[in-house]
Amino acid sequence: MRDIRELLLVLFTSCLALGSVPSSFDGDRYCRCQPGEACWPSLADWQALNMSIQGTLVEVRPIGHVCHEPTYNKADCERVSKLSSNGTWRASQPGAQQEHAWEVSLSRNESCYVGPANPAEPCGQGRIPRYSAMVETTEQAQKAIRFARERRLRLVIKNTGHDSGGRSSAVDSFQILTQRLKDISFIEEFTPTLAETRGPSVRIGAGVLTKELYAVADEHGYTAMGGECATVGVAGGYIQGGGVSTALTPMMGLAADLVQEFEVISAEGSLVIANEFQNQDLFWALRGGGGGTVGLVTSITMPVFGAIPANISELSFESQQPDEAFWTAVKEMIYVTRDITTGGNSGQYWVGRGPTGSYFVRQTLFFLGETDIEPADKMGSLLRVLQDQEIAFRFNVTAYPRLSSFLAIPQGEFVGGIAFHQENILIPQGFYDSPEGPAQLVDRLAEVKLNPGDMWVANTLGGQVMANKDVDNAMHSGWRTASVLLVGNRIFEPALKSQLDVQERLTAVEGPLLHSIGQPAPEAIYLNEADADLENWQDWFWGEKYARLRDIKSKWDPDDLFLVRHGVGSEDWDEDGMCRMQLSPQECPVREHSRCTCKFFECAMLHVPGLL
């Protein structure tokens, strides 16, 4: 019996020595270190880290804590309340996300809302990190990553906090904030490491916002690829999740198709270059595999383009009720958009309810490379329908010698702090381009009850996205046959019950309806704007490419230091990414040790020779 015990001890200690399991063991599962546990860093440990990263470490409280006792301060609460809608400010705050939903913790019933409505209500930490390394250099980020790895901490990466899936926050976590990595440099003839020149490109730090990139690119006479919202970080989850540009994607493709090189810090704290000539597997995974999953990206390099002339048309109309006349006009608007957005032209349309309850439609079309076109001529049928239905509308066209000057005008800069959930679907070309496609789409959408503030937003795809079918990256193959990305935004009150109610509505009611569009084969779902409780997310986000992503993550991050909600490998962990899910004894030592989460003695009894 003594020999057996010694053998068990050897097996147990050797498993720990591999360094591939978190250090806390609760009898059933291996967990990361949490506050209050012996393994949690001491104050001296945090102070030592702070000194090593030049004083950029801060202890974090939710931004709303100044509006709650015992730290209530009337003046500070008023100041934070005024700043709360500023997306740029929220991006810079370690204690904030862009969306309320991912500042609170439903599992712990913790929230800390901004505003003086109820100062006596306690402020819970929620999903806001305990500490943040607000790094200013790559070297500081490397030290922070090594610290998190050695201390077995729940690590989160926040770029700007634009994240509808909860990937930028986690309970009891240690955050690395990349907002201060702001370098932008243009390269006339970019040469990827170990490669030939590729033409004009831009290298940007992880903290560069869309509005910052667009403004500097315009100053240099370039057009850059980025998203619509001014306060999104281009090099973060935007490009690593795919990267849709409202104006440029049909002409140029997805941002993940274009990116030429990543500088990334690995789970071991090493700075590596990933491009098509070195670390090709990492390069493949970073282009569509999702942000914060296989490493911390410190900079990217991507091509820039010359001046692109553009005529941009904007049309909008409203209706007090969603009657037949309203939906008739919506159908014609989609037919016209579909017919116009070919040959590199692009478009976006919104259908929703305003704060007062009225229904609205907004359409923006980008006629790119065409200077002598008359958009009104292209939209004649829609304008006639609006007149026939006696619907008042606003329509204007603006010509821009350079699209970049339009992009440099910040969009959506003051929409931070909104409480909303998202859902989306990629609509396949076969459905959308059919004679009845737009009409059937509107009939489906009309079934959904919209509350004030709710809306549908559609971006046209196709074009170069489809033409890039041979680009080898982690993007779901469904992108190559999709015509439209349709996104639903659903507003809720800043209260946990309201948040839960809206989430249940999305997942149980609206989700199945969305998934039915284009049946029997809907294409895919965009991971950057997805239902937070989506089932089978691996298939919807990546399809047949998920297995390869798992393999690459196991190679580069076997301990899952980089873990995000509904990200590669997260199914092995609990909801908060704190403890590994328990596997059956049969699965344990048969799989790699980093997945060994079953009860130790059950594993030993199965796999120690002669024990049974």
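Counting begins at 1 with the first residue displayed.
Glycine is no exception: its Cβ is also placed from the backbone N, Cα and C atoms.
Marked as signal peptide by Swiss-Prot on the basis of sequence analysis: 1-19. The N-linked glycosylation site feature in Swiss-Prot is assigned to Asn50, Asn86, Asn109, Asn311, Asn396. According to Swiss-Prot, the domain 'FAD-binding PCMH-type' annotation covers 124-307, on the basis of sequence analysis.
Between Asn86 (N-linked glycosylation site) and Asn311 (N-linked glycosylation site), the C-alpha separation comes to 30 Å. Here the Cα atom of Asn50 (N-linked glycosylation site) is found 31 Å from that of Asn109 (N-linked glycosylation site). Remark: Asn396 (N-linked glycosylation site) has Ser313, Glu314 as non-local neighbours, by Cβ distance under 8 Å and separation of at least 6 in sequence. Cβ neighbour count for Asn86 (N-linked glycosylation site) (all protein chains, 10 Å cutoff from its Cβ): 17. In the three-state DSSP scheme, Asn86 (N-linked glycosylation site) is classed as coil. Annotated pair Asn311 (N-linked glycosylation site) and Asn109 (N-linked glycosylation site), C-alpha to C-alpha distance, rounded: 50 Å. The most crowded of the glycosylation sites listed here (Asn50, Asn109, Asn311) is Asn311, judged by how many other CB atoms sit within 10 Å of its own CB. Asn109 (N-linked glycosylation site) falls outside any helix or strand according to DSSP and counts as coil. Regional average pLDDT for the domain 'FAD-binding PCMH-type' (124-307) in the model is 95.
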